[in-house]
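Only one structure is covered here, and it is reproduced in the block below.
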């Protein structure tokens, strides 16, 4: 049925609602390190929401001076968005922290925790270095003994750079404990670690390192007692990244998470540094920084390949290596030590051997080489005691990894066909207190687009605006400015027939829940809508939003399905040009529920959920699915620390279905499981249990009339950005994709996830980054058959608004999603959305 449109001049039904600087002031916290003596000065780490302006620093200085005249005015910037301030003893720290957290530019404030070296008491000496043949190091040396072009930064107690087995290979370093350029080891731990990784080999003297030729960069962050501060470790990480380190080893840590440490790790990772750290020595969970994303966490084995009793374990563990009675250099001689501190530099030395063999490898490729080449121990595949197994450099240096690195040689952009649609409907929208709503419009085509935006608020007010988008450009519309303080529905139309892509982003801080979500508009209406996800238990509020775009009334039926096959129907009559909001908790409290909407005439339907899930507060919004499918694809997925991932399967048919789910990983490997989804019911799969501690893409296959599939993820990103998102899967891969939303400025991290679903053919991809004024850059990538690749958009585009368009130059289709995590005006959260094709 086509009716006269409420929005002027359209032939579509109307969509209508009626209704890098950081400041460290830190005091020591409980950790594995020895605490500072009572009465010593304290330190806190204060992070800015964005790089501070001079007036921000002036305001901070004034606040500190007003609080206490004895506070030092020396503000040291450790990272682009973190700085350090030392405080004298005797201050009211609780009150000061409250004042600092309330500053308008404050993103986080944390204690500068202590960290400590990881090692166990000495055991009797052995006559040889048993760990080298145990990891098959001689097999690796047949291929490479390392390269002096590779540098390993040893962030530790310093290094005895005069030691006979180390002297000729040490480069300049720094002492962050004494704040000078002399990183001499006054403890012994760092020298031992350096020798394990890279003592000179085959020289007739002393011991041999895993890598005979790599340079050593000594960075002292731990004192003569083997303890230190997070802030010094962070400064050491940045120093290593800025001064040419290729690998960082950190045989140290704490049980306390530090946002600052993770910021420093990200800084080094984004600079192309492979980072390795010891898991910890108290037999509990993996400590920090080892548990941070982008760090290879290493546990310890004994000479029988058993996990050492002291070795920490958990889902963040990546690899294991020998760590009991390891002979290596110490100031003045040689000694055996035990601990994950000894296991970590073995892996760091293996990483440097891989880089000697493949000098253009990125950190992700180095890690994949080590993990895929490891000797499997414990349960088959990954497990929480051994990670991916015992490191094996002989295999790793022979593992050629597919490169996601772009080829900048061809910057032409010539997509095979026009992209986008000419009309987009957005049912949801709110611009009241605590909400900011934006509409993102991308023109992925060469001709310019003339666009009309039409908006109707809950009071019946209608507004129309016109916009022009040049070819290959984008536009951000602030809905709060267009229709303030209202529920708003929108319709975006290209009036000259040039396709556009439209998404809606909402950021909110309401009723104690803060987060954001981003959803594609709907390019059409439908008489049937399906939703796989739904939960009405404690801490969750679920709403289904149904819009009637017609000038006549419309009858709607809502059917709810539970996990046991129960079914309940509810009937509604919608007035002309109106929206129905259904609070599902009122109908089916305390249940997992899927939903189906059927209407006499076509409608638009979305589902919004607001939640407190395991302490993570946030919300998500998803447009429904029009029909079941026998195939569903999800490119995004992560089951590591701080993330909970769920696959929601809904069978709306009269027959039971077997869902075959393939979990595919970055290196092309996969595992496959089958699940029975009973007729007219739903089934929930906890992906963390099926594929723990992995970046994972998913394919769902079923017979008959198919299923509905969605993916929900709840997260604590960076230890402070909490929230969740939910996305409908993609029914089929495509050779062309567009993503309208994207931002790479301060406080945002944007990721593009691409899955090559072909098991036989590589995909050659061209990707255009499109800014408000045109194409920013064009990049080419080669994706191996069956692989999944993650691109950090912040590394590829300058800070600002950016849309992404891509196509396959060899006609091998792929699946594309975008994930964003953010601190937006103090609102922390994240969103994920499949692209448009």
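The backbone N, Cα and C atoms fix where each Cβ goes, glycine too.
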From 377-398, 399-420, 421-442, the residue range that TrEMBL assigns the feature region 'Disordered': 399-420
Fewest Cβ neighbours within 10 Å, where candidates are the active-site residues 156, 189, 341: 189
Whole-number mean of pLDDT values that fall within the domain 'Peptidase S8/S53' (148-389): 93
Assigned element (helix, strand, coil) containing residue 341 (active site, charge relay system), judged by DSSP: helix
